[in-house]
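TrEMBL annotations:
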REGION    129-152  region 'Disordered'
COMPBIAS  134-144  compositional bias 'Basic and acidic residues'
TRANSMEM  192-214  transmembrane segment
TRANSMEM  234-253  transmembrane segment
TRANSMEM  274-292  transmembrane segment
TRANSMEM  298-318  transmembrane segment
TRANSMEM  362-382  transmembrane segment
TRANSMEM  394-413  transmembrane segment
TRANSMEM  425-445  transmembrane segment
TRANSMEM  451-469  transmembrane segment
TRANSMEM  481-505  transmembrane segment
Amino acid sequence: MNNGASATSPHNSFQTHFLDIHEVLPEDEEEEGVIKMEDNKVTSSKKGLQKPIKLRELKRPQRSFNRQVSLETGFSVLGVESKAEDEKKVLRRSGRSFGGFDSANRVGAEARKGDFNIFRTKSTLSKQNSLLPTRKEKEMENQRAEGATGLNEPVNKSVPVGRYFDALRGPELDQVKDSEDILLPKDEIWPFLLRFPINCFGICLGLSSQAVLWRALSTSPATKFLHVTPFINLSLWLLALATLISVSITYLLKCIHYFEAVKREYFHPVRVNFFFAPWVVCMFLAIGLPPMLEPAKLHPAIWCAFMGPYFFLELKIYGQWLSGGKRRLCKVANPSSHLSVVGNFVGAILASKVGWIEAAKFLWSIGFAHYIVVFVTLYQRLPTSEALPKELHPVYSMFIAAPSAASIAWGSIYSEFDGCSRTCFFIALFLYISLVVRINFFTGFRFSVAWWSYTFPMTTASVATIKYAEQVPSVLSKGLALCLSFMSSTMVSVLFVSTLLHALFWKTLFPNDLAIAITKKRLVKEKKPFKKAYDIKRWTKQALTKNNSGDKEFNGENKVV
């Protein structure tokens with residue numbers, strides 16, 4: 001009996017121990033630590049060793065599932081427990097920004113797809129959100145990841161304008177600096193719509209302005225000796241119209257599927273000005289309408305349809321400049337800001353063609369007032385108080401767009417190229433000449449779609465020169481008009497051929513748009529430099545001199561006493 005009792009007592013104690021383990025598992029970590037200590041005492045029995053291991057393994061698939069869900073939602077909790085503290089502070093230069101994720105850490109194709117879902121429109125993610133964890137689980141994951149990374153902030157929050165200048169470089173602020181990391185992978189091709197920038201409307205600007213130029217060349221008395229056929233104007237007008245329709249449809253699809261990326265382009269200090277471009281292109285097409293298609297008089301509804309959205313958008317932008325907030329003019333001013341001013345003069349030209357002279361005068365006044373402010377701000381370098389780097393030199397061509405358009409608009413309103421028109425024209429001509437003599441400003445840069453936006457200022461200056469040659473006919477004025485028109489058309493032809501080559505043959509027209517994937521805050525923490533040997537010597541010398549001076553003062557006080 002004693003032997004039987006002794007045999008059963010360990011068994012009963014083992015059963016009680018097993019029940020305690022099963023009941024304590026859902027409780028706090030402190031009690032689990034006590035159970036682990038008790039497990040070490042029971043390691044002699046094989047049955048007792050196997051069951052706790054199975055219970056502990058039940059928790060691991062849940063954590064791996066949470067990690068997969070975090071990849072779909074864009075939060076980084078991977079590596080909180082297993083990685084060292086140094087890897088939490090400094091991101092790897094893999095270009096993935098999610099705590100240093102690389103392809104080895106990805107699970108299947110769904111994780112790969114999740115990288116781009118953070119920029120998708122919220123309505124397209126409604127079905128995916130039903131599979132995500134509850135709000136409480138998300139909050140707990142965010143709290144865990146908060147100490148490791150700073151990526152748990154919502155992507156759809158507006159990025160401060162100063163962040164774009166700090167993180168980006170290049171002629172159009174489209175290149176990420178080496179010290180920065182981004183939200184999307186660099187080593188794989190993004191979806192086409194996500195790579196399609198709003199800068200593509202610059203192509204439409206260049207082609208539509210060329211239609212206006214060749215209309216002037218074929219109808220102006222100053223260039224009648226050239227005998228330019230109007231079919232060139234017709235073909236360019238149709239090409240510009242087709243380009244505008246295709247670019248507009250593509251960007252509309254981007255707004256539908258990747259609206260978060262569109263919002264980031266709107267907050268971009270350079271690209272926000274290209275949101276004016278579609279309406280300027282429409283007004284250019286109305287002004288450059290071929291004579292064989294042009295009615296006796298344009299209907300005022302055309303002007304209202306094109307100028308209305310432009311006017312409401314400039315109320316928003318000019319209000320930000322005037323209010324003195326974070327997006328004030330001295331903070332965001334760049335040569336592309338002239339795009340938000342030129343449309344007023346183009347709208348004034350169209351208003352005069354439909355017969356609304358007072359509306360044309362109103363727009364001309366608004367455009368000229370803001371042109372002076374933008375010109376002075378950029379001329380004095382108020383945003384940085386430094387000279388523009390070499391990469392930003394091509395944008396100097398935007399300086400000649402506004403005064404050229406202003407001279408044409410004034411002549412169209414008053415039906416005469418009088419003193420005010422000539423003043424604006426001479427300003428544009430001087431800026432044009434000052435850029436031509438510095439030809440090195442425009443060499444040594446890679447091709448980009450944004451280069452198309454530099455063609456329409458040259459075209460506008462050519463049209464203004466033709467108008468001046470009509471008022472002041474001479475060999476010099478006609479030769480200048482012919483020279484500037486040839487330079488403008490040559491530039492557009494070269495860019496058109498380059499665009500076709502990059503799009504059809506080299507497939508490099510639309511690279512990954514890294515500018516929209518920057519983080520709201522800089523994630524890579526800079527390491528404090530170690531003190532060098534001479535710094536340590538200097539520090540020890542200072543300490544010794546302080547001690548010696550203190551001893552001398554103390555000894556002097558003793559002598560006085």
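The backbone N, Cα and C atoms fix where each Cβ goes, glycine too.
Keep in mind that TrEMBL annotations are predicted by a computer and have not been checked by a curator.
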Which one, 192-214, 298-318, 362-382, has the most C-beta pairs under 8 Å toward the transmembrane segment (481-505)? 192-214
In the same chain, residues at least 6 away from the ends of the transmembrane segment (362-382) whose Cβ sits under 8 Å of its Cβ atoms read 307, 314, 318, 321, 329-330, 333-335, 337-338, 340-345, 347-348, 351, 388, 399, 402-403, 405-406, 409-410, 413
Where else in the chain does the transmembrane segment (234-253) make close Cβ contacts, counting only residues six or more beyond its ends and a cut-off under 8 Å? 193, 196, 198, 200-201, 203-204, 207-208, 210-211, 214, 278, 281-282, 284-285, 288-290, 292-293
